[in-house]
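Undergrad: This is the structure, below, for whatever I ask next.
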């Protein structure tokens, strides 16, 4: 009787069958297997075992494409025997697995299948069905161009029959829009285009609702959208509107299709013609025309405009002229990805932001986010806080800030314009001069001091680095500030202060930093937005970064030249946040301490904690809050050892200069009121700028 037993060779890389006769014997030696005379039959190569799992790290590489396999992504491995009988696994991406050369008899042969998620198990089942099939050959581009498909955004084909549309609320913030490449925020409505690749697997391309290519993938009815019934009523209404817009815009879509059916040169010519026509009829082109110059377009050209252009223009006019075309919403930024429409700066996460919601000509809502101080109250006034969406969900301090903003609507903008009319400027100058005279008589100042202030005004107007007229620079008459030892406190209201920090009235100050020397030359700076990047809504001593890399070197150079460095900064949140005052104090002082430690230069600091009178409560402006010169006068009279200050050599640097993108003009007016030369941070800290101390 002959017994056939399978045997795995340690010497050879193929399976063996050993036919055992009565005379057959074998024994094992090191590294070799010795057989006596027997019949050894070689069989066909056995398929290598396949294992599937989620990558434990990102160190493995795909055997096919050589790219890294991301952690927690599905990977497939082919297990083979290496030298010495050690198992070796060759990992592949799921899409890179060689189905044409490696066959899998059944999905049950895949090791680790039961540990995978249901969706991945279904994908592997389809993969097993594809194993052994020869992939379709790609058309040879050299022999001739393949038949062109009408393409949409980012390569989406126009064939609606090969794709379907689904909609849901994003489960996380990991998905991104296929059209604009921006992240789709968690729980936001997203619309997916599901297509099938060459191997039969479904691929979903997600879009924002406003980014969905409705022109290339029309939606005839909401019943065609998968997952529609599970959405909230508001999201269902938006999808219904999307379907209605699709029906109304069929004429425009047909025009696009006809244009795309031509060859590349015809398409380019058509696009150039359309752009030329749009340029002629655009409002910008009309503004370029010189006054009195006759229009170049005649009635014949106007009558030749396509019907689609007329429809688009009519929709745009209807939206712009509609009284309810915009609304205001408020919320805390969910991330740091949004930017302010006015200043183009990033809106930090958890910071209060105001959104102006407008509707475009296709009926989609467009949100334009702004910082609180950048919101255009002059062009988009807010009648009442009840008109602000999300107002009730804000904290009490932010609700008070919005109430102040509403009261400013219709009166003035948050950012005063530098190009005011000459009549208004002269009126303000006269009013300021009369006020200064009254203050001067009340405090009984000497005539000589008034003359010195006039000289300081003239000197500041000559050396001012910002483009402003001489008539706008007014030095504020010094107020009587009396200070005694009993007036200095170790606490600010109910908040404790860190060591070396004291409080006087509405000012918190660091009088004597280690190594600080009083001087006739003062180099004064704002803190937030000038020396450090900070956010009001993010508290913490470490929640800041240097505004410019050259700051430590610049400050050290000024200290070496005998300047005393002083920081004058406003922080009204310390007064406004009654329930969180201690946190506000610790955050502000902690940041300043960290900054001083970072630059390694002794600095004197004054923090104005008072609130301005713009809140509508009828109170007066805080004496020490910029643009008032109270902090400068306090330092000059009581914290400079009686040394007279040389105004020609002293200066102030701040970011609130009243420019178009600045949040206010408090710094430039503070410099004017104090009689100091003024620089913006860009002028002073950028190496190409000319500034004192360089």
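Including glycine, each Cβ sits where the backbone N, Cα and C put it.
Swiss-Prot lists these features:
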BINDING   62, 65, 93, 96  Zn(2+) 1 binding site
BINDING   177, 180, 208, 211  Zn(2+) 2 binding site
BINDING   340, 343, 371, 374  Zn(2+) 3 binding site
COMPBIAS  302-321  compositional bias 'Basic and acidic residues'
COMPBIAS  322-331  compositional bias 'Polar residues'
REGION    266-331  region 'Disordered'
ZN_FING   50-132  zinc finger
ZN_FING   165-247  zinc finger
ZN_FING   328-410  zinc finger
Undergrad: Cβ within 8 Å of the Zn(2+) 3 site centroid (340, 343, 371, 374 excluded): which residues?
TA: 341, 342, 344, 345, 347, 370, 373, 375, 661, 663
Undergrad: Check residue 371 (Zn(2+) 3 binding site) against DSSP and tell me helix, strand or coil, would you?
TA: strand
Undergrad: My understanding is the cutoff is Cβ-Cβ under 8 Å with a sequence separation of 6 or more in the same chain; which residues meet that for residue 208 (Zn(2+) 2 binding site)?
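TA: Non-local contacts for residue 208 (Zn(2+) 2 binding site): 177, 179, 180, 182, 184, 188, 190, 191.
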Undergrad: Rounded to an integer, what is the Cα-Cα distance in Å between residue 340 (Zn(2+) 3 binding site) and residue 93 (Zn(2+) 1 binding site)?
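TA: Residue 340 (Zn(2+) 3 binding site) and residue 93 (Zn(2+) 1 binding site) have their Cα atoms 41 Å apart.
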Undergrad: Which one, from the binding-site residues 65, 96, has the smallest tally of other C-beta atoms lying within 10 Å of its C-beta?
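TA: Counting other Cβ atoms within 10 Å of each of the binding-site residues 65, 96, the minimum falls on 65.
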Undergrad: Quick check: which same-chain residues outside 62, 65, 93, 96 lie with their CB within 8 A of the centre of the Zn(2+) 1 site CB atoms?
TA: 63, 64, 66, 67, 69, 92, 95
Undergrad: By CA distance, which of the binding-site residues (62, 65, 93, 96, 211) lies nearest to residue 371 (Zn(2+) 3 binding site)?
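TA: So, spelling it out, the nearest of the binding-site residues is 211.
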Undergrad: Can you tell which of the binding-site residues (177, 180, 211, 374) has the fewest other C-beta atoms within 10 angstroms of its C-beta?
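TA: Minimum Cβ neighbour count within 10 Å, taken over the binding-site residues 177, 180, 211, 374, occurs at 180.
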Undergrad: I'd like the per-state residue tally for the zinc finger (50-132) from DSSP, helix first, then strand, then coil.
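TA: Each residue of the zinc finger (50-132) counted once, the result is 22 helix, 24 strand, 37 coil.
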Undergrad: If the Zn(2+) 2 site is taken as the center of the Cβ atoms of 177, 180, 208, 211, which further residues of that chain fall within 8 Å of it by their Cβ?
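TA: Result: 178, 179, 181, 182, 184, 207, 210, 212.
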Undergrad: Would you mind pulling the DSSP three-state label for residue 208 (Zn(2+) 2 binding site)?
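TA: In three-state terms, residue 208 (Zn(2+) 2 binding site) counts as strand.
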